[in-house]
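Some notes on the structure that comes next.
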């Protein structure tokens, strides 16, 4: 058994379903996952520790297996594409995206929960997403910026050809995971091993859980699938209208059209 550098990385996006994707891919016997987000390429201090430090953070695997890690901050951090390119210019990159407005609200919900745990007050989503002076979408708000997928992708394309990326539909991964996982198996040149047997719907959670074998099952953490706050419908409409041209461009670049409003 050896600790190998990853041959594929889930680079983002935050609140897109990166954890679910990693856990589901781990159902494949040829895939071994890093258990923690390592934040090697997006954290200067970690990056300064060098590639051997990074390799030592990887799980033990057989030489013929593929090691995969995920750190959603990679997608939006400027230095990351060049740093990953220097490590391995032919690495496979997985991007999992959700409908941009839903993703932004999910991002907000996670931060809100953190604030509430510390008894801190926090602005309403509407106040952050819309600039009160101009009444336009506030592109300085990180949750909005992260959802402009095409802007981030263009930065990656300076280093990697589009063939090295695979887009996973995060919304579909929730409702019917198997077809999405089969597309990833194909992209990673893996023999098809994940089947409907490995995925069963948990009605209580409203999510699919994972079945590795007769003995071992696993559901995602309870923090997944938080209830989103009610958002003013006019703000949702404004955001969807704002994201629309960026979405069209994203479909065009990636060759994957998603059913976003």
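The backbone N, Cα and C atoms fix where each Cβ goes, glycine too.
Not measured: the values here are computed from a predicted model.
Here's what TrEMBL has on this protein:
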DOMAIN    6-250  domain 'Sulfotransferase'
ACT_SITE  15  active site, for sulfotransferase activity
BINDING   15, 16, 17, 18, 19, 98, 106, 208, 224, 225, 226, 227, 228  3'-phosphoadenylyl sulfate binding site
DISULFID  209-219  disulfide bond
| request: Quick one: give me the count of other CB atoms within 10 A of the CB of residue 17 (3'-phosphoadenylyl sulfate binding site). | output: 27
| request: Out of 15, 19, 106, 226, 228, point to the one nearest residue 219 (disulfide bond) in space (Cα versus Cα); all of them are recorded positions in the record. | output: 19
| request: Using C-alpha atoms only, work out the spacing between residue 228 (3'-phosphoadenylyl sulfate binding site) and residue 15 (active site, for sulfotransferase activity) and round it to an integer in Å. | output: 12
| message | Same chain only, sequence gap of 6 or more: which residues have a CB within under 8 Å of the CB of residue 106 (3'-phosphoadenylyl sulfate binding site)? | response | 15, 98, 226, 228
| Of all the recorded positions given, 15, 19, 226, which residue's CB has the most CB neighbours within 10 A? | 15
| said: For the domain 'Sulfotransferase' (6-250), report the average pLDDT of the model, please. | reply: 96
| query | When you measure from the Cβ of residue 219 (disulfide bond), how many other Cβ atoms are you left with inside 10 Å? | reply | 15
| message | I want to check the contact list for residue 209 (disulfide bond): same chain, sequence separation of six or more, C-beta distance under 8 angstroms. What comes out? | response | 199, 200, 201, 202, 217, 218, 219, 220
